[in-house]
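Have a look at the structure below before the remarks.
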Ligand SMILES: [Mg+2]
Ligand SMILES: [Zn+2]
């Protein structure tokens, strides 16, 4: 038997999965945690998964908010989770956009989803076995990222987006709770 002591991880999109997607969220007072998220994260953590947020934040490249604003939002998000005894292992974000106006962020990069740099960096930093890990997102770019990185994927479908039928998630769910239930059953 081969011994595999690598970690398993849930890679989480932020907007539309953890908090309500209001579009270019830029301040902590705009954070609305979605129903069932706290309980779902607790269950996933108890099942031994690392929790890593991966989020595209091109609002920085586009000049809608500063990287400092994003850090405040993320600190507030982590504080809310900590108050509920949930420890998020890391947050990776991409501040870039090729059509942005703000230097040095207005570039084509390897980290903007569906590019895989955030996942690859996370996998190295935390010794993660991607074949035992999952991504939960709410857009085609999240699902394409999962496909590109070799992760099983959950799409939290909502009516804000049009979905491309050729980008197929492993599972379609209504919220993170449903994804967590399925993950925990698969992981048994
Ligand atoms: Mg999203
Ligand atoms: Zn980037």
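Sequential numbering from 1, following the chain as shown.
Note: Cβ is positioned from N, Cα and C throughout, glycine not excepted.
A TrEMBL annotation is a machine prediction, not a hand-curated record.
Taken straight from TrEMBL:
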BINDING   13, 15, 138, 139  Mg(2+) binding site
BINDING   13, 14, 15, 21, 22, 23, 24, 55, 56, 57, 58, 112, 113, 139  substrate binding site
ACT_SITE  13  active site, proton donor
ACT_SITE  15  active site, proton donor
SITE      55  site 'Stabilizes the phosphoryl group'
BINDING   94, 96, 109, 111  Zn(2+) binding site
SITE      112  site 'Contributes to substrate recognition'
SITE      113  site 'Stabilizes the phosphoryl group'
Spatial neighbours of residue 113 (substrate binding site), counting only the recorded positions 15, 55, 94, 138 and Cα distances within 10 Å: 55, 94
Residues among the binding-site residues 22, 96, 109, 111 that border ligand 2 - Cβ under 6 angstroms, in sequence order: 96, 109, 111
Contacting binding-site residues, sequence order - 13, 15, 96, 109, 138, 139 vs ligand 1, Cβ under 6 Å: 13, 15, 138, 139
Spatial neighbours of residue 56 (substrate binding site), counting only the recorded positions 13, 96, 109, 112 and Cα distances within 10 Å: 13, 96, 112
Residues satisfying Cβ distance under 8 Å from residue 138 (Mg(2+) binding site), sequence separation of at least 6: 13, 15, 16, 17, 21, 155, 156, 157, 158, 161
Rounded Cα separation (Å) that holds between residue 58 (substrate binding site) and residue 139 (Mg(2+) binding site): 15
Within 10 angstroms of residue 112 (site 'Contributes to substrate recognition'), Cα basis - binding-site residues out of 24, 94, 96, 139: 94, 96
Intrachain C-beta neighbours of residue 24 (substrate binding site), sequence separation six or more, cut-off 8 angstroms: 59, 62, 64, 65
Beyond the site residues 94, 96, 109, 111: chain residues whose C-beta lies within 8 Å of the centroid, for Zn(2+): 56, 95, 107, 110, 112, 115, 117
Integer Å distance between the CA atoms belonging to residue 55 (site 'Stabilizes the phosphoryl group') and residue 94 (Zn(2+) binding site): 6
Residue pair residue 139 (Mg(2+) binding site), residue 55 (site 'Stabilizes the phosphoryl group') - Cα distance, angstrom, rounded: 11
